[in-house]
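Engineer: According to TrEMBL:
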DOMAIN    25-476  domain 'Major facilitator superfamily (MFS) profile'
TRANSMEM  92-114  transmembrane segment
TRANSMEM  120-144  transmembrane segment
TRANSMEM  189-209  transmembrane segment
TRANSMEM  215-235  transmembrane segment
TRANSMEM  288-309  transmembrane segment
TRANSMEM  329-346  transmembrane segment
TRANSMEM  353-370  transmembrane segment
TRANSMEM  382-407  transmembrane segment
TRANSMEM  419-441  transmembrane segment
TRANSMEM  453-475  transmembrane segment
Amino acid sequence: CWCHFTLFRFVDSFRPEYKALTFILTFLLYTSFHLSRKPISIVKSELHKNCTRVTQPGDVASSSSQRSPLTPLHTSMDCSWKPFDKKNYKQLLGAMDYSFLCAYAVGMYLSGIIGERLPIRLYLTVGMVTSGLFTCMFGLGYIYNIHNLGFYIFVQVLNGLVQTTGWPSVVTCIGNWFGKGRRGLIMGLWNSHTSVGNILGSLIAGYWVSSNWGLSFIVPGIIIAAMGVVCYLFLIELFDVFSLQCYDTELLIPKLSVRVPVQPIVMVKSQAEPSAISFMGALRIPGVIEFSLCLLFAKLVSYTFLFWLPLYITKAAHLNAKKAGDISTLFDVGGIAGGILAGVISDKSGKSATTCAFMLLLAAPTLYGFSMISELGMGPTIGMLLLCGGLVNGPYALITTAVSADLGTHKSLKGNARALSTVTAIIDGTGSVGAALGPLLAGLLSADGWDQVFYMLMTADFLALLSFCAFTLAASCPCLF
């Protein structure tokens, strides 16, 4: 009818603006997710400090009356924060990382399946608000002087579970709005939210880390909760003007001035509404298993840097927590450039797997070079941080965005785009297993020296490359599998 056509033309005229809004909003939403994850890596060096220089009781008493607003609530007499004042502090810090990431990995497999069956806007809003609550709870441990390891692990587990609402939701939204044309470049630009969030999280947490590390968690927690409200108010998950229908229920005949009732029009669709894909059905999509395994090892490397790089810089370069956090952001700056470059090359060549494999091939020797050069001074360290960030986060960004979106709309699904959330959750959930193992192994291996950690990272990088080789071989010679 004419009213449907008019409404279609009016609403469709705003499509470019809605696409830009969705791009920017989902970018900011997931930026806040990573912003709230970063503080733990900045605060680690404050939870366990060098105790050789401890303020004497007389000095503390004389200065207590002149405390500034940013003076710590707990004096340096405490030195390290219990229970992280023991020799096994690296294992305890690793256990906190593992508790968050393990819960995240387990929850991610369920998140995509649940997300397909619920309104994305509401699902994402609830996840962001509750994540903000748990992030603030961790910071309250400082305010209320909590030294129970179980409390911090409990909060990390709950936060890890609710943070799984983020990734499948935002990828599904962005996949609904943008087609396959130039998807690599678009997703490369969009996926820089990971690095932008890490940078902002490092700067915010670093501002308070030496004076009141509780605020290093509370402020990011408030930010992600506030963005959850913004999500509920403004997110448009799918532009579907064809659902705007109007039906004539009566026919007017002007000449006779007689109103003739007719039967209601029944619209019969040629195809049934696509149903959500099952977990096993998603696994049967060609490439899902191979890319999932590749992301497992790629994320192991990336998240080890995310959670342990500031502490490594503190120990290797003998810097305080704030300066080490600021320098660690260069890894994410390189990651932004690497993700965009990977997307451009993927669009030009049409070969996402080859692009990822080439970058992973270069990443292994670069990681070894970083372990050697980081002891030669700040200049070489900065250069290698930028290079490592680009080569490590480039494949990671491409797999979690453009590749996931391509697999989620694979031709074998016959147009069932609702599979995108489940496919994304499977790939990122498997990757999160690696993200959980990496920081845990780093905590265990670093006790014998940081060289062991870098050997582990290079091994993981090589295994990620093997996963790509298996995918390429299966695609070129399916008879062998």
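Heads up, the Cβ atoms here are built off N, Cα and C, so glycines get one too.
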Engineer: Counting only pairs at least 6 apart in sequence, do the transmembrane segment (92-114) and the transmembrane segment (419-441) share 3+ Cβ pairs under 8 Å?
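Structural biologist: Contact confirmed: at least 3 Cβ pairs fall under 8 Å.
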Engineer: For the transmembrane segment (215-235) and the transmembrane segment (288-309), does the number of C-beta pairs under 8 Å, pairs 6 or more apart in sequence, reach 3 or more?
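Structural biologist: They do not touch: fewer than three Cβ pairs between the two stretches lie under 8 Å.
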Engineer: Have the transmembrane segment (189-209) and the transmembrane segment (329-346) got at least three CB pairs under 8 Å, pairs 6 or more apart in sequence?
Structural biologist: yes
Engineer: Going through 120-144, 329-346, 419-441 one by one, which has the most CB pairs that fall under 8 Å from the transmembrane segment (453-475)?
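Structural biologist: Ranked by Cβ pairs under 8 Å, first place goes to 419-441.
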Engineer: Please indicate, using numbers and ranges, the residues of the same chain that are 6 or more beyond the transmembrane segment (120-144) and have a C-beta under 8 Å from a C-beta there.
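Structural biologist: For the transmembrane segment (120-144), the nonlocal Cβ contacts are 29, 32-33, 36, 39-40, 73-74, 81, 114, 151-152, 155-156, 158-159, 162-166, 169-170, 172-173, 212-218, 220-229, 231-232, 235, 237.
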